[in-house]
Amino acid sequence: MTVLLIIAIVALFGITLWQLSKIFKMSQTSASGSDNQVANDKDNKYNGYLMLAFVIFIYAITIYCFIAYRDFYLPEAASEHGSEYDSLFFITLVVIMITQIITQFLVHYFAYKYKGKEGNRALFLADNDKLEFIWTITPVIVLSGLIFYGLYTWSDIMNINDDDDPLVVEVYAYQFGWIVRYSGEDNTLGKANVRFIEGINTVGIDETDTYAMDDVVARELHLPVDRPVLFKFRSQDVLHSAYMPFFRAQMNVVPGMITQFKFTPTITSEEMRNSEFMVDKVRKLNKIRRERSKELIADGQEGLDTYEFEYYLLCNKICGISHYNMQIKIVVEPQEEFDAWMAKQTEFGKEIASK
Ligand SMILES: [Cu+2]
């Protein structure tokens, strides 16, 4: 790979020198009156066709990408606000695509249509108020529409209403992992500070705070389905970002402050695992893994496990050397299963009492 890169750099450097020498030569010849470097009708025609060919190439590669990468789309959102987010995204994409397809065509078509011709002179046009008005006002209207729609969606999603009685959960980020803290019976998180981190107190809970006694610290993020969850994010060290693509949620995790985000999960892990989309995706993935396993085993190494779908919360800020593996499993389940899981966890108060 490195060798390839070096070869590419040397080649590019060579081409640059060659082009530079050409420019130098051109400036010399035009000064001396020779015009053998000026494009003639044949050259212009050739370049005109190249312009047309290039726009066809752009369209072809766009269509190819849509088809080739169609499997990489996320399925239906697994949260309540997800569909609003998806419609915003889809409408923006459609508006941009239509504009791009038309303007790209016009740019290339006009370059072809008005290609240079011997003896032709360009028309001098100082300005045209009407035209300028149209091409200024149209983007203003379209963009304002998109921006207002985006702002409306944003405030709708980010509006945190206490009447919803959300389950309060802290998501704590560190290099390189996540810890979650449930607020317990009182649904209020105890105070915490990085200075209190010691031994089993992994997220720095204030042991003197009575609200903290029923807090539950866990290494898996369990969420009851159809109940609003209010996430409070804290970071121990650097900037991280909590990314939950299936729920269309992402929030920066900033050292020294608490950021928050609320959403309601609507599809359990089990339902997502059994959905048509996921069954098909997992089948394709496991086919790739089986083939890779064969190679590994033939090589005397251990084969790969069969993949099973789980939701994950991932870090989406490049925060250091093990950033790529900074993740925590999310389990969305019916309320009863959530309660059963919670009953098996130890409250912070009991944990410090038994140490
Ligand atoms: Cu991170």
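Every residue gets a Cβ built from N, Cα and C, even glycine.
Not measured: the values here are computed from a predicted model.
The transmembrane segment feature in TrEMBL is assigned to 6-25 (among others).
As annotated by TrEMBL, transmembrane segment applies to 46-69 (among others).
If you look up TrEMBL, you'll see 66-161 marked as domain 'Cytochrome oxidase subunit II transmembrane region profile'.
Summarising the annotation, TrEMBL assigns transmembrane segment to 89-112 (among others).
Among the features that TrEMBL reports, transmembrane segment is placed at 133-152 (among others). Long-range contacts of the transmembrane segment (133-152) within the same chain, counting only residues at least 6 positions beyond its ends with a Cβ under 8 Å from a Cβ of the stretch, are 88, 91-92, 95.
Per TrEMBL, domain 'Cytochrome oxidase subunit II copper A binding' is recorded for 164-344. As a whole-number mean, the pLDDT of the domain 'Cytochrome oxidase subunit II copper A binding' (164-344) in this prediction is 90.
Secondary structure of the domain 'Cytochrome oxidase subunit II transmembrane region profile' (66-161) per DSSP, as helix, strand and coil residue counts: 68 helix, 1 strand, 27 coil.
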